[in-house]
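Heads up, the thing below is written out as structure tokens.
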Amino acid sequence: MELLILLYALPIFYFLFVIWKGVDARRDQECYILDYQLYKPTDDRMLDTEFCGELIKRTKNLGLLEYKFLLKAIVSSGIGEQTYAPRIIFDGREDNPTILDGIAEMEEFFYDCIGKLLARKSISPSEIDVLVVNVSMLSSVPSLAARIINHYKMRDDIKVYNLSGMGCSASLISVDIVRNIFKSNKNLYALVVTSESLSPNWYSGNDRSMILANCLFRSGGCAILLTNKRALKHKAMLKLNCLVRTHHGARDESYGCCIQKEDEQGRLGFHLSKNLPKSATRAFVDNLREMSPKILPLSELLRFLIVSLVRKMSQTSSKVGGATKPVINFKTGVDHFCLHTGGKAVIDGIGLSLELSEYDLEPARMTLHRFGNTSASSLWYVLGYMEAKKRLKRGDRVLMISFGAGFKCNSCVWEVMKDLGDANVWKDCIEGYPPVSLANPFMEKYGWINQEDPSTFKIPE
């Protein structure tokens, strides 16, 4: 009898052991953020109204129509007077950049951010197992990742990934690379370094679709320390719950809406087409369609399904079109929205699509105003604003949404592991945010351009 019981018990115990092993293994595959360090350039690189006016005036290829276009774009951009530009702009050499200008810009960021991050967490560079660097518009030999490894004397067996051309959504691609490595390797430290090189990419021509990039992009960057060590779970700031990547590069319209190219005069720049909003919306919808079931409660998904069916049936029976489409309430599964600061129109569009309040949009708007569009690192400045405002409490869920050339929409959800309140680079100004008004003084100072006669127009010296 005992033998018979043992024979029955063995498969049951084996089955329970397999389940336990699977659950235990998953605990070693979690992706945690231990800390991150944002980059704040020195004040001598700050773009105020006066300097921006001088910079535009010395761009000799612009006419009155281009000046009017620039004034309208800057005034409506949502960008303030405290954003930063690379040193080459202040040296007056933006028309003649060298490869060393781009590298020097990146190295200044690397050594400041990475050094502060590792020192704060008391981690030696030799302890880093994975390094992922994403800088879209600068490719050097040796790579930027190799320069970091050389400077910090990292290990010979470090896993290295150097990404270029991935656009503003590259930081989530970097996180996805780390997440996948964590699935097959235990007890790792990973360092993600995300920024953009502006020094070699100032556009000096007069094509409006390429001038716009000069108005939006600013200097910035972020270094992020991640781990899958379960022993460090109690020290982690955030845990990655899910990540979804959507790529519409197979569609010609989407592929060409954000592209680096030369204009008719051979001047290199970044082209933003009129199809950009349409392509972004399509990628955004497809991305959220996949993300929604991963993060929303079943009750909200059922509500959305029922409302959709009822409205569809009602619309069919009445044969009247134009009914408002039902919107999923993402606030049932998400507490905070960390949106890419691609521009005021991008923030407004996402807010309208998700029916977000001004409170939800405030971190993205304030980040755009204070730091501008810092490309792939923008999301982390938005996260930094939330932290500085002490909004992030243990158990909260943060939805990150980013867009990038290609065309891509990437999103992820982080779970806050403990109450957060480090002001990071916001500490010197967070008390003044949100300001009473986001209006910048460009119209007040340069509004006279709109009254100028093209036949007599002349730039004041």
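Easy rule for this one: first residue shown is 1, then count along the chain.
Glycine is no exception: its Cβ is also placed from the backbone N, Cα and C atoms.
The feature domain 'FAE' is assigned by TrEMBL to 25-312.
According to TrEMBL, the active site annotation covers Cys168 (among others). All protein chains included, Cys168 (active site) registers 27 other Cβ atoms within 10 Å of its own Cβ.
Residue environment of His247 (active site) contains 19 other Cβ atoms, counted within 10 Å of its Cβ in all protein chains. Among the features that TrEMBL reports, active site is placed at His247 (among others).
The feature domain 'Beta-ketoacyl-[acyl-carrier-protein] synthase III C-terminal' is assigned by TrEMBL to 334-415.
The active site annotation in TrEMBL covers His336 (among others). Using a 10 Å Cβ-Cβ cutoff, His336 (active site) registers 21 neighbours.
Around His340 (active site), the same-chain residues six or more apart in sequence whose CB sits under 8 Å from its CB are Cys168, Ser169, Val346, Ala364, Ser378, Leu379, Ile401, Ser402, Phe403, listed in sequence order. Residues or ranges marked as active site by TrEMBL: His340 (among others).
Per TrEMBL, active site is recorded for His369 (among others).
With a 10 A radius on its CB, Asn373 (active site) counts 26 other CB atoms from all the protein chains. The feature active site is assigned by TrEMBL to Asn373 (among others).
Taken together, the residues of the domain 'Beta-ketoacyl-[acyl-carrier-protein] synthase III C-terminal' (334-415) have an average pLDDT of 94. Between the CA atoms of His336 (active site) and His369 (active site) there is a gap of 19 Å. For His369 (active site), other Cβ atoms within 10 Å of its Cβ number 22. Here the C-alpha separation of Asn373 (active site) and His247 (active site) works out to 21 Å. In this structure, the C-alpha atom of His369 (active site) lies 29 angstrom from that of His247 (active site).
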